[in-house]
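This report refers to the structure that appears directly beneath it.
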Amino acid sequence: METNGKNNLRAPLLRPSEDVAVNFTQGSPRNEKNTRKVMFRIRGIKCASCVVSIESAIGNMKGIESISVSPIQGQAVIRYRPEFINAKTIKEAIEDLHYEVDEFPEQEICVCLLRIKGMACTSCSESVERALLMVDGVKKAVVGLALEEAKIHFDPNVTDSDHLIEAIEDAGFGADLISSGDDLNKVHLKLEGLRSPEDAILIQSSLEATEGVNHVEIDPMGQKVTVAYDPDLTGPRSLIRCIEETGQGPNFFNARLHTPSRRRETERHQEIRAYKNLFLWSCLFSIPVLVFSMVLPMLSPIGDWLSYKLYNNLTTGIFLRWVLCTPVQFIIGWRFYIGSYHALKRGSSNMDVLVALGTNAAYFYSVYIVIKASTSRSFEGQDFFETSAMLISFILLGKYLEVMAKGKTSDALAKLTDLAPETAFLLNMNGDGNVISETEISTQLLQRNDVIKIVPGAKVPVDGIVIKGQSHVNESMITGEAKAIAKRPGDKVIGGTVNENGCILVKATHVGSDTALSQIVQLVEAAQLARAPVQKLADKISRFFVPTVVVAAFLTWLGWFIPGEAHLLPRSWIPKAMDGFELALQFGISVLVVACPCALGLATPTAVMVATGKGASQGVLIKGGNALEKAHKVKTVVFDKTGTLTVGKPAVVHTKIFTNMPLQEFCNWASAAEANSEHPLAKAVVGHAKKLHQLYGSYNDHTVEAKDFEVHPGAGVSANIGGKMVLVGNKRLMLAFQVPVSPEVQDYMSDAENLARTCVLVAVDGMICGAFAVSDPLKPEAGHVISFLNSMSISSIMVTGDNWATANVIARELGISTVFAETDPVGKAEKIKELQMKGLTVAMVGDGINDSPALVAADVGMAIGAGTDIAIEAADVVLMKSNLEDVITAIDLSRKTISRIKLNYMWALGYNILGMPVAAGVLFPFTGIRLPPWLAGACMAASSLSVVCSSLLLQSYKKPLHIQDVQGSDEYSSSV
């Protein structure tokens, strides 16, 4: 999860000569903070006068700091103030002087994240995307409907976040800035001692002059300051110290940490509360309308007063329904008018258009009834005020339930963000490493290289390295690994995990947005924002869905109205107190409001949100809907060997004793001789001896000193230990020292070689006492995973740079039939492409830098979490706990999610396909069943809710394969 140095990879090392060279750099943080530099290639410069004309014309423009034109190279270097002018304006000004300026390629692309308000369906998210892409300088825009966010890549020379927000607001939606590229590491501080605007300017200047500060935003009225900074150069406590040192004399400044409320949660609660209040107010008016129109008229004589005529044929019941329905239609239902206006203004249509059309048709026809009844003594007609009021009430109820359910789709992500503790114990240490003082501070104030104390039961606040103490740490909340992991000095710990039984001192290595926890959250948020290819189906349908529904509603009205007026319908079909027009109108309104484009739009993003969040909680990070969709098609999994199928480092897998020497004594001789060697095999022998001594409770850190230690390249080592000559190495070393190799030893060496193991012989005083068989052992779960993949009809292939003999032995042990050995990194990628040419969807599982080309080439790249940063960056899926069983989890979760998405589409499409004909009255002639408009509105609300609840069922996902990693003792055998 390391991110250091990533920004250095953005700019190419060499630029093509035919391109315009453009350098975009920030000035130094002290004196050039607000200037930018841009370089153009200009054609047509012929002499010095051309240079003077360009420099004088551009130099006089407001915001230009300096300009230098080279006639020989045909280039202009301009430094400018971005708040007054941008690179595009400068380019156009040079072109106005009749010179040709080539289009410049952007060397720096900024990214910002915006919260979008007011989106109801896929049509809305598409409208926002179109509005953003129409802004000059925007290169890419992705809008997530379920997440209600937009991620925009743009050229800072041309536009900025303010213009992007304006474009969204012009499209009829609200927008707030969540973060920009420099906002990943931010601290919010509350200021004390501000007495004038000059004090605020003084503090801002001091902070901007501090090395590592990227941006300062101060609010003098609220006495708050927000600082974006580089954690490699500074930190929150340094910034607080800078503010306090700025105050002199009577102007004493103080700063403390200020935690702003979580905007996303606050806005969601506000939205839920708003819909709840609208629904309750709507019910306050709608229920009496329903009672006055359908209940009381049937309860004679209780409801007879409703038939009392106020004026001509205008009765008390109609008048009261009109009065009660009007606030619902125009005050409570005003949001549907606003949504419809903005949708039609941008040339699209959405659910608001359907609701507005349906309710207006019912309301204004009812108003026509009121007018006719009040102006005629003989007119009789049926009003539909209850249809309008109840329709709006049921739709608001559906939106209220939908917003509450949508909030639960990101529960897993919310739990991740809450893992880090609020406080930590900071230690102040002297030069000798002794603790001077201990202070409890907020986790947000921790800086890189701080030393913190973590007591038993406490959470680890940030990523770091243990420098003192031993303990076991429960990392299940991050990696999904149920078993507590032993931690000793030198081991890494992850922020958010729980220290179980020992007190440890940890040196912070990653803080703020650089911690593994923050990286996971950012990765999951990006995945939830990315659009899955399966979403394209909903996007295509949404483009013509609403117009089609409007046409269908109009044809339904015509289909019932014309036969009714022509007296072709049996009179028994038309309910009492209704005529043919009114019956046709009810059918038309029902068709308008029963159709639900929202359910289609929510089918994919809600499922992807739940799945990626659930995967993260299980230790499987899936980078977006594209990876999630491709993984379910995988038919072949290609495994790297070293570090993926195997542990990745040599270990003793078998011990053989050829004399009557006790096993522990034998290991003592070997480890004492190998203690001074840096060879991987030597480390394996020493580590094996330590484990053995720990197992039998006789381990201590003190080993017998080896004298006359000598390394024999390609053979082994020799040493004098306690007056005895000890040799540890291969057969060549034994023969060089004239140590006899018995047939028993020869047979053991042959058996080891057949199993692709390295045999390390140990001789004491000229006699071989025993041997170690060393190899890179298989991971305990590897065999189970390969077998389970076969049961899923997924073939397994191993590709490795190791030799054929070792590769074949490993493959036989695991049951892998296809092996590619002695393959370089480019060759691995070529093998992937060959498999893809056969029509296979291929997943690649690897961990090292040499695997990154293959991870990119594969349809789905899966990186082992303990692998290199480059491999993790190149992969589509990251397996956090480095356990191969999560390969199965990733594929199975993908299959379950795609199945859930298809089920959601069946709900949404099936509902619309069945609901619209019923609403149009197809069943009415045969069964007398019809769908009143208010009931059609309730069905529409239920369809969206059913899709969201269907996606939420993914929260109950469980791994198909769960292997208990039992760490048993090594296989020892001793024979005399």
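Counting starts with 1 at the first residue shown.
Each Cβ is built from the backbone N, Cα and C atoms, and glycine gets one as well.
The domain 'HMA' feature in TrEMBL is assigned to 36-102, 110-176, 185-251. Annotation source TrEMBL lists transmembrane segment at 278-299, 319-338, 350-371, 383-401, 544-563, 583-604, 905-928, 934-954.
Counting residues per DSSP class in helix, strand and coil order gives 22 helix, 24 strand, 21 coil for the domain 'HMA' (110-176). Residues 355, 358, 386-387, 390-392, 394-395, 397-399, 401-402, 405-406, 408-409, 589-591, 593-596, 598-599, 602-603, 606-607, 609-611, 614, 896-897, 900, 903-904, 907-908, 911-912, 915, 919 of the same chain, all 6+ positions outside the transmembrane segment (934-954), place their C-beta atoms under 8 angstroms from a C-beta of that stretch. A contact links the transmembrane segment (278-299) to the transmembrane segment (383-401), because at least 3 Cβ pairs that are 6 or more residues apart lie under 8 A. Here the transmembrane segment (350-371) has long-range neighbours at 120-121, 123-124, 314, 318-319, 321-322, 325, 329, 333, 335-340, 343-344, 381-385, 387-388, 391-392, 395, 546, 549-550, 553, 582, 585, 588-589, 592-593, 595-598, 933, 937, meaning same-chain residues at least 6 beyond its ends whose C-beta is under 8 angstroms from one of its own. Counting Cβ pairs closer than 8 Å to the transmembrane segment (544-563), the top stretch among 383-401, 583-604, 905-928 is 583-604.
Residues of the same chain lying 6 or more positions beyond the ends of the transmembrane segment (383-401) and with a Cβ under 8 Å from any Cβ of it are 272, 275-276, 278-279, 282-283, 285-286, 289-290, 293-294, 318, 321-322, 324-325, 328-329, 332-333, 336, 355, 358-359, 362-363, 365-366, 369-370, 582, 585-586, 589, 593, 932-934, 936-938, 940-942, 944-945.
Taken as a whole, the domain 'HMA' (36-102) shows an average pLDDT of 81 in this prediction.
Assigned with DSSP, the residues of the domain 'HMA' (36-102) fall into helix, strand and coil as follows: 22 helix, 23 strand, 22 coil.
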